[in-house]
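Per Swiss-Prot, the features are:
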{"type": "ACT_SITE", "residues": "His20", "note": "active site, proton donor"}
{"type": "BINDING", "residues": "Asp28, His98, Tyr120, Ala121, Asn122", "note": "substrate binding site"}
Amino acid sequence: MRKTALLNSDLSSVISKMGHTDMIAIGDCGLPIPAESERIDLALIKGIPTFMQTLKTTLLELQIEEVILAKETEAVSPDLYEEIKEVIGDVKITFITHEELKTTLKSCKAVVRTGEQTPYANIILKSGVVF
């Protein structure tokens, strides 16, 4: 059994195969996942797991250099936005519209679906390097 925090084998596999600038998304339970993207469905019931639990656990395993958020996130879900900023630290944030974010999902290695029900609880993580 793995000793690290992340136990989900599908998510662990995708992260281990990611290279510099590859992208993975984490979304709420309503985010439409394109057919072209690998779906990693973690949602069990409403609210479980949360978006932030999933983001924090993913960041234990994945080095990131940038995140992409919908412009609407800050205005519609300000508490979530502040929590994201706190968790990612000095990582660059790029803002695009929610519609552009949904289109960008097609370029992600995978889209992780959580049980989150907070509006705009969606993020795209761009992989960095550890050296």
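FYI, residue positions are counted from 1 along the chain as it appears here.
Cβ atoms are placed via backbone N, Cα and C, with glycine included.
Values in this document were obtained by computation on a predicted structure and should not be read as measured data.
Cβ neighbour count within 10 Å across all protein chains ranks Asn122 highest among the binding-site residues Tyr120, Asn122.
Apart from Asp28, His98, Tyr120, Ala121, Asn122, the substrate site neighbourhood in this chain, defined by C-beta within 8 angstroms of the site C-beta centre, holds Gly27, Gly30, Leu31, Ala70, Thr73, Ser77, Leu101, Thr118, Pro119, Ile123. Annotated pair Tyr120 (substrate binding site) and His20 (active site, proton donor), C-alpha to C-alpha distance, rounded: 26 Å. When the recorded positions His20, Asp28, His98, Ala121 are compared by the number of other CB atoms within 10 angstroms of each CB, His20 has the fewest.
Across the residues annotated as binding substrate (Asp28, His98, Tyr120, Ala121, Asn122), the two Cα atoms farthest apart lie 13 Å from each other. His20 (active site, proton donor) and His98 (substrate binding site) are 24 Å apart (CA-CA, integer value).
DSSP assigns Asp28 (substrate binding site) to coil in the three-state reduction, outside any helix or strand.
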